[in-house]
Amino acid sequence: MNVLSYVLVYRKFFLVVFTLLVLLPLPIILRTKEAECAYTLFVIATFWLTEALPLSVTALLPGLMFPLFGIMPSKNVASAYFKDFHLLLIGVICLATSIEKWNLHKRIALRMVMTVGVNPAWLTLGFMSSTAFLSMWLSNTSTAAMVMPIVEAVAQQIISAEAEVEATQMTYFSGSTNHGLEIDESVNEHETNERKEKTIPVPGNDAGKNSSNMELEKIAAARTSSTMLNKSDDLKMIKCWWRRRQIEEDHVMCKLFSVEQNSGTGAKYRTKKDHMMCKLMCLCIAYSSTIGGLTTITGTSTNLIFAEHFNMRYPECRCINFGSWFMLSFPAAIIILFLSWIWLQWLFLGFNFKEMFKCGKTKTVKQKACAEVIKQEYQKLGPIRYQEIVTLVLFIVMALLWFSRDPGFVPGWSALFSKYPGFATDSTVALLIGLLFFLIPAKRLTKTTPTGEIVAFDYSPLITWKEFQSFMPWDIAILVGGGFALADGCEESGLSKWIGNKLSPLGSLPVWLIILISSLLVTSLTEVASNPATITLLLPILSSLAEAIQVNPLYILIPSTLCTSFAFLLPVANPPNAIVFSYGHLKVIDMVKAGLGVNIVGVAVVMLGMSTWIVTLFDLSTYPSWAPPISNATMP
């Protein structure tokens, strides 16, 4: 037992040593560059999947192993760790830093939710839409972390408001203020009624039973007095008593069966429906933050990795940019978001079209409470400030410059620099706007002179370098750089061509089946491995596969890249899942049931897109001229 506990404590160390030793015969026996690169690839893949070492540390291994095996010189490997992608990432993080520093993201989210209304179904869609929109420009993790406290406040406000209403109703029907059931005692003093009606007993509520019998006696006595009550009053009284009985029974059943205590957050659920509502809102935030990231190249790291890998491997294509990616992914993201909303709504609360689209309906207490808490959160922000306006303007300018650089259907502003085609990229725009955040003043810095006068001596920009550093995901930057180095090593050693040659028999399968298999493989793998590690590992292999079977590489790489983000099943699959799971409303089985449906929806929509609008955007039906020729693509 002591040995086992010792192994468990140092399991990561043993896994690293075991992996290196077990795979070592591969380069020793074969003694080829392909085998040596394959050894490096298998070691890195194992460490990425098991996280025996931190992902970024594992990403540094090509810089160590490729020079030792003679695959690439050290200076060439080092140059792969900083590419055009990193400049684009720096500019985007400057924007994200300013948005979060000045609370512009919170204002956008709350305003969008206030616009859609407070109906539970529409409220959920409002949260999903605002979260997805923010995730287009911010990281999925920061978006989920920002929106979840707002969602939690709304959910708890709804639960507490309903509890207060129920308590008020109970007091009204059983207390002295219940004038609807009061009867003049002077009338009842000389009139008696021998008939006593029985009531339906409620378990564990003797007090309620006795009070109900007393009310029935009063009703019966009152009915014998024609001078005091007419028929309409009698009916009103009985209806009032019956309503009271329903509330009492609901109250007791709630106590007996529907009160749950969550040890993680201390949140109480009055009914099962309240618990389902909390689960629904949590999953909506997790999934919409991931779905929104699909829409733009900068929305998630997997999109950036794909764009950089593709542009490096196929430099003559020049077909993947911000505008083209948005046109192919935006329809898919909208459809996936809408179908996911329907699926989650039906799974947890049911989907009542009649209630959703009923016009002129009076707002319930739940809806009023929800609207109030959202309004209060928005009012806390105060009027929009100068810093928010400037950030919003720069944000719009950046998006417009990205879209208009090379839209494809009309000449973009990059045509102004026709002497240097392809020199200005999306990273050029990101850097231009990013530098402005360090230049534009946000507020003046003042000091008090010895005479007591307050004077300005400097100004503070929209963001500072220290603030930028706290937001910059250096681990992702190193991880992506390691992926680029690994891809370069596979090309230099000939491993990519060898893999493509071995996969060429798959060309006998229908193209749609190859796409489906690769999409399902990526979707399954990304549930247990990080998204950046998964796409970095598979892109060189899938590119070689496409070249070997003479299929447009975009036909396989685009759906595989989109499916890499479909990590919906487990809390550990991606950071947004872990964030919402930490609030304690969900169990793993809840996420598995909901995520499985969203995964199916996502893969189905991607397959639909590949056969409809995406095909027309890139002409995927033929093998392109910018891809390697047939003789080179299949060379062993």
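Here the Cβ of each residue, glycine as well, is placed from N, Cα and C on the backbone.
Given the structure is predicted, the values throughout are model-derived calculations rather than measurements.
Among the features that TrEMBL reports, compositional bias 'Basic and acidic residues' is placed at 187-199.
Positions annotated as region 'Disordered' by TrEMBL: 187-211.
Residues annotated as transmembrane segment in TrEMBL: 12-30 (among others).
Note on the transmembrane segment (42-69): residues 12, 15-16, 19-20, 23, 26-27, 33, 36, 77-78, 80-81, 474-475, 478-483, 485-486, 489, 528-530, 532-533, 537 of its chain, located 6 or more positions outside it, place their CB under 8 angstroms from a CB of the stretch. Look at TrEMBL and you will find 42-69 (among others) tagged as transmembrane segment.
Residues annotated as transmembrane segment in TrEMBL: 81-99 (among others).
Within the chain carrying the transmembrane segment (119-138), a Cβ under 8 angstroms from the stretch's Cβ atoms is held by residues 92, 95-96, 99-100, 105, 108-110, 112-113, 144, 146-147, 151, 154, 277, 280-281, 284-285, 287-293, 295-296, 298-300, 333, 337, 340-341, 344-345, 349, 351-352, 355-356, 366-367, 370, 395, 399, all 6 or more beyond its ends. Per TrEMBL, the feature transmembrane segment maps to 119-138 (among others).
What TrEMBL lists as transmembrane segment is 280-306 (among others).
As annotated by TrEMBL, transmembrane segment applies to 326-348 (among others).
Residues or ranges marked as transmembrane segment in TrEMBL: 384-403 (among others).
Residues or ranges marked as transmembrane segment by TrEMBL: 423-440 (among others).
For the transmembrane segment (511-542), the residues of the chain that approach it from at least six positions outside its boundaries are 41, 44-45, 48-49, 51, 55, 300-302, 305-306, 309, 476, 479-480, 482-483, 486-487, 490-491, 496, 499, 549, 551, 553, 555-557, 559-561, 563-567, 569-570, 573-574, 599, 602-603, 606-607, 610-611, judged by C-beta separation under 8 angstroms. Per TrEMBL, transmembrane segment is recorded for 511-542 (among others).
The transmembrane segment feature in TrEMBL is assigned to 554-573 (among others).
Proximity of distant same-chain residues to the transmembrane segment (594-618), defined by a Cβ-Cβ separation under 8 Å and at least 6 residues beyond the stretch ends, is recorded for 283, 287, 319, 324, 327-328, 331-332, 335-336, 339-340, 343-344, 347-348, 512, 515-516, 519-520, 523, 552, 554-555, 558-559, 562-563, 566, 568-570, 573. Annotated transmembrane segment per TrEMBL: 594-618 (among others), in sequence order.
Ranked by number of Cβ pairs under 8 Å to the transmembrane segment (81-99), the listed stretches 12-30, 280-306, 326-348, 423-440, 554-573 are led by 423-440.
For the transmembrane segment (384-403), the neighbouring stretch richest in Cβ pairs under 8 Å, chosen from 326-348, 423-440, 554-573, is 423-440.
Residues 121, 124-125, 128-129, 132, 276-277, 279-280, 283-284, 287-288, 291-292, 294-297, 403, 558, 562, 593-594, 597-598, 601-602, 605-606, 608-609, 613-614, 617-618 of the same chain, all 6+ positions outside the transmembrane segment (326-348), place their C-beta atoms under 8 angstroms from a C-beta of that stretch. In this chain, the transmembrane segment (554-573) lies apart from the transmembrane segment (12-30): fewer than three C-beta pairs between them fall below 8 angstroms, excluding pairs fewer than 6 positions apart. Counting residues 6+ beyond its ends, the transmembrane segment (12-30) has Cβ neighbours under 8 Å at 36, 38-39, 42-43, 46-47, 50, 52-53, 69 in the same chain.
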